[in-house]
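In TrEMBL this protein carries:
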DOMAIN    6-204  domain 'Calcineurin-like phosphoesterase'
BINDING   ASP10, HIS12, ASP43, HIS202  Mn(2+) 1 binding site
BINDING   ASP43, ASN80, HIS115, HIS200  Mn(2+) 2 binding site
BINDING   ASN80, ARG81, ASP123, SER161, ASN166, HIS200  substrate binding site
Amino acid sequence: MNTQTIFISDLHLSADVPQLNALFFQSLQDWRGKIDALYILGDFFDVWVGDDDDGPFIQSIKAALADFAQATPVFVQHGNRDFLLGEKFAAESGIRLLPEQFVAELYGKPYLLVHGDELCSDDVAYQQFRAQSRNPMWQAAVLMKPLAERRILAGQIRMMSETKKNAEGKSEISDATEAGVQALLGKYAGQNIEVLIHGHTHRPAVHTHEIDGRTLTRYVLQDWEGETGGYLSVHADGRIETALLHA
């Protein structure tokens, strides 16, 4: 009997990071049929230009997920790099796409899951882009463009993101804020949410917040980079643990 659920995020997989790809494939082999579910909370891919982008790298990911999903369910949220992931990809890889905010009922307790970018409320410019990029009409217009043009656009967006990250470093503006956390949790008043799990910020840590007289614990997932990844596991007995993975 399986007694744990695993959470990962910010793998930023692409054909350019073979070591991380190998680490992900190995992790799937290690977890297959041995855990209750796998949740990927956004930025699974470094970039996603549409479900019609179907090169060898993407085919290998879909095949690995489809095999894994035969034994263990996989749930995926969109991130700020792969918000165009669609139902075609989901069907071909055997995964289930989740809404950007989702309450998972695990072992009798609710866990609030988000990618985490909506929590960075001080980054006004990014929040404006986020609102635009999540608009279904904007997404439909982008997906109507030729695949080659979308690849160029994605490269430009990624370059802008990397330039901004290098210029700011790990500045406060790119981190979750108390206001952002409170605004999110205000939507779930009365649901007895005690745990929030997210990625995005690349600042793995554990934080506590006071919400309506209750203490909420916020877990920030490990990002995957170089030869190192990480995960968080929720156990049936209520324990929450984190661990690193190495290629």
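Note: Cβ is positioned from N, Cα and C throughout, glycine not excepted.
Automatic, uncurated: that is what TrEMBL annotation is.
Features recorded in TrEMBL, as mapped to the structure shown.
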residue: ASP10; record: Mn(2+) 1 binding site; Cβ neighbours (10 Å): 29
residue: HIS12; record: Mn(2+) 1 binding site; Cβ neighbours (10 Å): 21
residue: ASP43; record: Mn(2+) 1 binding site; Cβ neighbours (10 Å): 28
residue: ASN80; record: Mn(2+) 2 binding site; Cβ neighbours (10 Å): 21
residue: ARG81; record: substrate binding site; Cβ neighbours (10 Å): 25
residue: HIS115; record: Mn(2+) 2 binding site; Cβ neighbours (10 Å): 26
residue: ASP123; record: substrate binding site; Cβ neighbours (10 Å): 20
residue: SER161; record: substrate binding site; Cβ neighbours (10 Å): 15
residue: HIS200; record: Mn(2+) 2 binding site; Cβ neighbours (10 Å): 26
residue: HIS202; record: Mn(2+) 1 binding site; Cβ neighbours (10 Å): 20
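Taking Cα separation as the measure, ASP43 (Mn(2+) 1 binding site) is nearest to ARG81 of the binding-site residues ARG81, HIS115, HIS200. DSSP classifies SER161 (substrate binding site) as helix under the three-state reduction. Separating the Cα atoms of ASN80 (Mn(2+) 2 binding site) and ASP123 (substrate binding site) is a whole-number distance of 14 Å. Annotation: ASP10 are the binding-site residues among ASP10, ASP123, SER161 whose CA atoms are within 10 angstroms of the CA of HIS200 (Mn(2+) 2 binding site). Here the candidates are the binding-site residues ARG81, HIS115, ASP123, SER161. The one whose C-alpha lies nearest to that of HIS12 (Mn(2+) 1 binding site) is ARG81.
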